[in-house]
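Data block below; observations after.
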Amino acid sequence: MANDRVFNFSAGPSMLPLEVLQRAGAEITNYGGSGMSVMEMSHRSKIFLKIFDETQEKFRKLLGVPEGYKVLFLQGGGTMQFGMIPLNLIGKTGQADYAVTGHFANLAMKEAKKYGQVTIAASSEDRKHVYIPAQEQLKLNPDASYFYYCSNNTIEGTQWQYVPETGSVPLACDMSSDILSRPVDVSKFGLIFAGAQKNLAPAGLTIVIIREDLAGQELPITPAIMNYKSMIDKDSMYNTPPCWCIYMLGLMCDWLEQQGGAAGMEKINQKKAQMLYDVLDNAKLFTVSAEKGSRSHMNVTFRSASEEMDAKFVAESVKAGFTNLKGHRSVGGMRASIYNAMPTEGVEKLCDFIQKFDKEN
Ligand SMILES: *Cc1c(COP(=O)(O)O)cnc(C)c1O
């Protein structure tokens with residue numbers, strides 16, 4: 001890495017690959033001989049539409065999006081989807097199932113309650129969200145319009161290691177913090193969404209992958225900007241899309257392709273996570289927050305026996321050249337977010353630091 005860069009373990013917005021930033025930097029004042037930045041282009045111009053279409057194509061290829069699904073590039077963050085999903089999908093039967101496995105799934109569930117009858121199909125609240133419920137534990141309502149879950153719980157550090165089986169009830173999944181970190185079979189889902197700022201691009205872009213037949217059943221109160229059908233009909237350009245973020249996603253897609261796509265990325269991510277969990281499991285000072293079998297490959301949450309020791313660890317980590325290792329304010333402890341762009345070298349350095357700290361304290 002360029003030696004003025006820090007190893008940034010931020011949960012989001014998160015680090016981007018240096019090569020991607022350098023390419024964006026090189027093109028920032030004059031993209032492709034146009035004499036302007038992508039930030040300055042009309043979203044309807046030929047030159048931008050080419051970026052848009054190519055990014056769509058690259059993204060579809062990387063994730064393996066089949067025919068019959070539309071990829072939307074929207075704004076509003078993951079949070080807007082918490083409202084947009086029920087507004088558009090709950091109308092079918094008026095009911096929806098939610099698996100509440102963490103902070104963001106809980107927010108989504110609360111939002112959905114405004115628009116229909118919500119059943120908690122599963123919850124891990126009994127043990128502070130340190131595990132993912134098993135398939136047998138899901139209480140499925142066959143009349144649900146959809147089953148909602150969050151595949152990676154960014155704050156708690158847990159990740160679904162299976163795709164729930166829900167019969168004919170479509171799955172709606174928040175993949176904000178693990179999209180393209182591993183392969184997924186998109187055909188098993190009705191809808192996937194992800195705020196881009198964890199694993200893919202700068203903040204401001206939200207990607208929605210929707211099975212087209214699910215759109216068009218929105219509640220009458222649905223704001224135009226939150227209507228999947230209008231966004232599908234206008235190819236994400238009902239209003240101005242987040243142009244520069246879409247361009248950045250395109251650069252990131254090229255980089256992901258070089259890493260071997262989703263399958264290649266999964267191998268790298270598995271190795272990084274395993275390395276870190278091994279060091280933490282063998283340390284005398286630290287315990288991993290998430291239970292084995294539910295541990296996230298993206299957000300590694302851990303803590304020592306006391307808040308004082310946690311604070312000491314965080315303070316010394318900053319001096320050692322790491323940033324953002326403090327856990328989310330709602331759970332405390334530490335969190336190392338090791339998304340796609342975190343190089344293996346960064347995790348190795350962190351492992352060395354943890355071992356040294358463990359010996360000296
Ligand atoms: C960060 C995050 C969100 C919220 O995203 P915003 O873009 O801030 O609205 C939602 N879900 C998950 C899993 C996240 O990690």
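Just so it is clear, glycine is given a Cβ too, placed from its N, Cα and C backbone atoms.
Automatic prediction, not curation, is the source of TrEMBL annotations.
Quick caveat, the model's predicted, so the values are computed rather than measured.
Features reported for this protein in TrEMBL:
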BINDING   Arg44  L-glutamate binding site
BINDING   Gly78, Thr79, Phe104, Thr154, Asp174, Gln197, Asn239, Thr240  pyridoxal 5'-phosphate binding site
DOMAIN    6-350  domain 'Aminotransferase class V'
MOD_RES   Lys198  N6-(pyridoxal phosphate)lysine
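Structural mapping of features recorded in TrEMBL.
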residue : record                              : DSSP class
Arg44   : L-glutamate binding site            : coil
Gly78   : pyridoxal 5'-phosphate binding site : helix
Phe104  : pyridoxal 5'-phosphate binding site : helix
Thr154  : pyridoxal 5'-phosphate binding site : coil
Asp174  : pyridoxal 5'-phosphate binding site : strand
Gln197  : pyridoxal 5'-phosphate binding site : coil
Asn239  : pyridoxal 5'-phosphate binding site : coil
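Shown are the recorded positions Arg44, Lys198; of these, the residue with the fewest other Cβ atoms within 10 Å is Arg44. Taken in sequence order, the binding-site residues Arg44, Asn239, Thr240 that lie near ligand 1, meaning a CB under 6 Å from one of its atoms, form an empty set. You'll find the Cα of Asp174 (pyridoxal 5'-phosphate binding site) roughly 12 Å from the Cα of Lys198 (N6-(pyridoxal phosphate)lysine). Just so you know, the Cβ of Phe104 (pyridoxal 5'-phosphate binding site) picks up 22 other Cβ atoms within 10 Å once every protein chain is counted. Here the Cβ of Thr154 (pyridoxal 5'-phosphate binding site) has 28 other Cβ atoms within 10 Å, regardless of which shown protein chain they belong to. With respect to their backbone Cα atoms, Lys198 (N6-(pyridoxal phosphate)lysine) and Thr154 (pyridoxal 5'-phosphate binding site) stand 9 Å from each other.
Separating the Cα atoms of Arg44 (L-glutamate binding site) and Gln197 (pyridoxal 5'-phosphate binding site) is a whole-number distance of 24 Å. A count of other CB atoms within 10 A of each Cβ picks out Gln197 as the most crowded of the binding-site residues Thr79, Gln197, Asn239, Thr240. The Cβ of Gly78 (pyridoxal 5'-phosphate binding site) lies under 8 Å from the Cβ of Phe104, Asp174, Ser176, Phe193, Ala194, Gly195, Thr206, each of which sits 6+ residues away along the same chain. Max Cα-Cα distance over the annotated pyridoxal 5'-phosphate binders (Gly78, Thr79, Phe104, Thr154, Asp174, Gln197, Asn239, Thr240) is 30 Å. The Cβ neighbour count for Asp174 (pyridoxal 5'-phosphate binding site), using a 10 Å radius over every protein chain in view, is 28.
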